[in-house]
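S.K.: My questions all concern the structure below.
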Amino acid sequence: VGFKAGVKDYKLTYYTPDYETKDTDILAAFRVTPQPGVPPEEAGAAVAAESSTGTWTTVWTDGVTSLDRYKGRCYHIEPVAGEESQFIAYVAYPLDLFEEGSVTNMFTSIVGNVFGFKALRALRLEDLRIPTAYSKTFQGPPHGIQVERDKLNKYGRPLLGCTIKPKLGLSAKNYGRAVYECLRGGLDFTKDDENVNSQPFMRWRDRFLFCAEALYKAQAETGEIKGHYLNATAGTCEEMMKRAIFARELGVPIVMHDYLTGGFTANTSLAHYCRDNGLLLHIHRAMHAVIDRQKNHGMHFRVLAKALRLSGGDHIHAGTVVGKLEGERDITLGFVDLLRDDYFEKDRSRGIYFTQDWVSLPGVLPVASGGIHVWHMPALTEIFGDDSVLQFGGGTLGHPWGNAPGAVANRVALEACVQARNEGRDLAREGNEIIREAAKWSPELAAACEVWKEIKFEFPAMDTL
């Protein structure tokens, strides 16, 4: 029988409802909104085809390929509750389609061309199941949660951070001064803002030197190990590595990278360097909302979070649930646990579509940051637990008495919440009272409580289940 040219329906080849998924398959859950008149099976099959071996017409070289071995398969379709023309298409990809240890290649296939596909009005990748066989080809986070605690000698509480503001325009010397004041006041970390790279007002080398000086001075005075996330993100990979190497030569404990704008290839290289050289790696997710904010199109942040755990990072920003940026409680907690835990059961109420076994890939500390202040401390301590970093930028530097008292207020509030929790008190119910009690013996905290007593960022979340 000769080669049969022509166009045939995707569903004839790529829709296989009786397929049993393998332990080695990468599984994806897509939220599909087809164009009017396109049946769900055809749309789901089209997604499977276009993100694996298919093209729009039958080609001669199909005959010299083992399609059964390499094609993606749409194996299940379910309607989305409350949405008329939307459904979840589950697609299984054979492991052989992906290069080992490359998040870049995985995303190029799964979320590459298919998102521009005309037969679909919109497409969103809701979740991925990474099989053990694939996750074992990645190094993952440079160090992980336990190693970080051991390096910093800090146990039994969340870590405290602060992003130095104004984010742009400070000179290196003044920037270092702000870093020193915050660390001296009781914070564990300070942070470069994500867009501080190496601009005319502050070149990277000057910033690194002044921040290192600030950090060593604060360390000597407090007897605690301190860190400042030195942002190594740069225009080229070579320049990024140069900055990371300089940070290591200064002896600082941690560097930082913007993993979405910097790219997964650069991020994975940096993560490998960090593990080899004992640097912790803080990851900022600038640009994530471009990809994950729309409910119908793009990619959910939980997928970006899984990708980061593979690519490598010790901290990642994960929303606050209570501050100024997007994040619903159950959904946020779903991907927070997914970042920290070794094994995670499927749980649709938290947006988790697949059971994920990370087989001892190190965990990532979630970072809560964005519009939070001392009144949020009980809620944050309860929601995120000990394994997290709570970052107060304006909530430290906006203190009426200055940066160091702002840091003191946050540290006192945190220690009060941790102590109350350990005594068995209910942080959700008694939170305000716990903060008020602590403020009685901390004038710095009392002043902070007064400034921010009315501030709220109450808008409904865009991305609901």
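Cβ coordinates come from backbone N, Cα and C, glycine included.
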S.K.: Same substrate site as ASN113, THR163, LYS167, ARG285, SER369 according to Swiss-Prot: which of HIS315, HIS317, HIS399?
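M.R.: Given ASN113, THR163, LYS167, ARG285, SER369 bind substrate in Swiss-Prot, the matching entry from HIS315, HIS317, HIS399 is HIS317.
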S.K.: Which one of the recorded positions (LYS165, ARG285) has its C-beta surrounded by the most other C-beta atoms within 10 angstroms?
M.R.: ARG285
S.K.: Rounded to a whole number, how many Å is the Cα of GLU194 (Mg(2+) binding site) away from the Cα of HIS317 (substrate binding site)?
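M.R.: HIS317 (substrate binding site) has its Cα 11 Å from the Cα of GLU194 (Mg(2+) binding site).
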S.K.: Given the binding-site residues ASN113, THR163, which one's Cβ is surrounded by the fewest other Cβ atoms within 10 Å?
M.R.: ASN113
S.K.: Using the recorded Mg(2+) site (LYS191, ASP193, GLU194) as reference, state which further residues of the same chain have their Cβ within 8 Å of the centre of those residues' Cβ atoms, listed in sequence order.
M.R.: THR163, ILE164, LYS167, ASP192, ASN195, VAL196, TYR229, ASN231, MET256, HIS284
S.K.: Could you check which of the recorded positions LYS165, LYS191, ASP193, HIS284 is the closest Cα neighbour of HIS317 (substrate binding site)?
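M.R.: For HIS317 (substrate binding site), the spatially nearest of the recorded positions is HIS284.
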S.K.: How big is the gap, in Å, between the Cα of ASP193 (Mg(2+) binding site) and that of HIS284 (active site, proton acceptor), rounded to a whole number?
M.R.: 9
S.K.: Measure from the CA atom of LYS191 (Mg(2+) binding site) to the CA atom of LYS167 (substrate binding site) and give the result in Å, rounded to a whole number.
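M.R.: Their Cα atoms are separated by 10 Å.
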S.K.: Return one of helix, strand or coil for THR163 (substrate binding site), based on DSSP.
M.R.: strand
